[in-house]
Amino acid sequence: MTNIRKSHPLIKIINHSFIDLPTPSNISSWWNFGSLLGMCLILQIITGLFLAMHYTSDTTTAFSSVAHICRDVNYGWIIRYLHANGASMFFICLFIHVGRGLYYGSYTFLETWNIGIILLFTVMATAFMGYVLPWGQMSFWGATVITNLLSAIPYIGTNLVEWIWGGFSVDKATLTRFFAFHFILPFIITALVIVHLLFLHETGSNNPSGVSSDMDKIPFHPYYTTKDILGFLVLILMLLILVLFSPELLGDPDNYTPANPLSTPPHIKPEWYFLFAYAILRSIPNKLGGVLALILSILILAIIPMLHTSKQRSMMFRPLSQCVFWLLVADLLTLTWIGGQPVEHPFIIIGQLASILYFSLILVFMPLASAIENNFLKW
């Protein structure tokens with residue numbers, strides 16, 4: 001009798017994806033973040049589902065329903081903070097996952113990379129809409145400012161914004177539709193994740209050296225399942241430390257004030273994981289230019305495979321490209337810091353320089369470093 005995991009039509013798919021999957025023997029801990037993202041997604045869907053059971057998407061009761069969850073629902077506070085801080089963990093894993101793809105040249109798997117970019121956009125949209133739901137001051141004004149950016153689109157901009165709002169300002173209709181989208185998008189993300197994995201398993205995983213590992217593969221289980229479980233435990237530990245000791249560390253105090261359309265907070269800013277893009281948006285004085293720069297700051301990932309001029313795939317043996325990569329990481333951290341600062345001297349000029357450097361590093365210095373390295377190696 002054949003083994004059920006190899007013969008059953010459904011279990012067979014799981015077997016080929018997570019058990020008997022041939023995996024390079026040398027992939028490092030940077031490859032753990034894909035599975036950690038899967039765990040974050042499952043955690044967000046479960047906690048979100050329980051929150052949705054008690055949340056009401058009406059402007060008059062949304063804020064108090066979140067307070068009710070924290071005060072009156074059994075373990076509601078921990079579910080709420082797991083969901084809020086789970087989003088931060090999700091984005092930390094996302095940024096590291098994308099960074100690893102950049103460093104080790106995983107972007108040469110075009111289909112996987114492009115689905116990943118779509119996933120990044122979808123997750124960012126979901127997180128933005130989730131931030132609006134508690135209906136605090138920063139929720140309301142964040143929604144107003146970000147949706148208003150669409151009015152920069154020539155000719156149809158104003159109509160588009162009012163269509164998204166469902167009225168002439170951010171109101172009940174906006175909150176209801178944001179809740180509906182925030183609820184459905186994670187399931188769309190799950191479907192996209194399956195497609196992402198499908199494309200990945202067509203080619204097999206990349207590895208740190210960037211060369212073909214066909215001659216040196218090992219089964220995913222037990223080697224990498226064990227390694228992934230260790231990653232899960234570390235991430236859960238970090239999340240629980242954050243949730244149980246300082247759940248408000250990454251939040252905004254303004255969001256504990258109910259939304260008031262008549263009072264603007266002194267500094268409107270999004271959650272920390274959007275600050276780098278927000279800093280790029282603010283660094284351009286022109287509204288349309290800022291919006292385009294904001295979109296391009298993420299969309300630029302799509303042209304990275306075209307800018308790959310090196311004869312080697314990975315940056316593992318390319319010291320010059322490594323310097324450019326870590327400069328880019330430092331620049332993104334600078335942009336994140338600037339995004340949270342008020343619009344005044346010296347932050348304006350620092351933001352503008354960091355924004356120019358961000359695009360220059362990707363569009364000019366990365367291909368240039370690769371070309372110089374090729375020249376050194378007489379390739």
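Residue numbers in this text run from 1 along the chain shown.
Positions of Cβ are set from backbone N, Cα and C atoms, glycine also.
Features as listed in Swiss-Prot:
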{"type": "BINDING", "residues": "His83, His182", "note": "heme b b562 binding site"}
{"type": "BINDING", "residues": "His97, His196", "note": "heme b b566 binding site"}
{"type": "BINDING", "residues": "His201", "note": "ubiquinone binding site"}
{"type": "TRANSMEM", "residues": "33-53", "note": "transmembrane segment"}
{"type": "TRANSMEM", "residues": "77-98", "note": "transmembrane segment"}
{"type": "TRANSMEM", "residues": "113-133", "note": "transmembrane segment"}
{"type": "TRANSMEM", "residues": "178-198", "note": "transmembrane segment"}
{"type": "TRANSMEM", "residues": "226-246", "note": "transmembrane segment"}
{"type": "TRANSMEM", "residues": "288-308", "note": "transmembrane segment"}
{"type": "TRANSMEM", "residues": "320-340", "note": "transmembrane segment"}
{"type": "TRANSMEM", "residues": "347-367", "note": "transmembrane segment"}
Determine the minimum-neighbour residue: among His97, His182, His196, His201, listed as binding-site residues, which Cβ has the fewest other Cβ atoms within 10 angstroms?
His201
What same-chain residues lie close to the transmembrane segment (347-367): Cβ under 8 Å, and 6 or more beyond its ends?
279-280, 282-284, 293, 296-297, 300, 304, 307-309, 321, 324-325, 327-328, 331-332, 334-335, 338-339, 341
Out of 33-53, 77-98, 178-198, 226-246, 288-308, what stretch is closest in contact terms to the transmembrane segment (113-133), meaning most Cβ pairs under 8 angstroms?
178-198
Under a criterion of Cβ-Cβ distance under 8 Å and sequence separation of at least 6, what residues of the same chain contact His83 (heme b b562 binding site)?
Gln44, Thr47, Gly48, Leu51
Integer Cα-Cα distance in angstrom, His201 (ubiquinone binding site) to His182 (heme b b562 binding site):
29
Counting only residues 6+ away from its ends, which parts of the chain sit with a Cβ under 8 Å from the transmembrane segment (77-98)?
30, 33-34, 36-37, 40-41, 43-44, 47-48, 50-51, 66, 69-71, 116, 120, 123, 127, 130, 235, 238-239, 242-244, 247, 250-251, 271-273, 301
Whole-number Å only: compute the distance from the Cα of His182 (heme b b562 binding site) to the Cα of His196 (heme b b566 binding site).
21
Seg_contact(the transmembrane segment (33-53), the transmembrane segment (226-246)) with at least 3 CB pairs under 8 angstroms, min sep 6:
yes
List, by number or range, the same-chain residues at least 6 past the transmembrane segment (226-246) whose CB is under 8 A from its CB atoms?
29, 32-33, 35-36, 39-40, 78, 81-82, 85-86, 88-89, 93
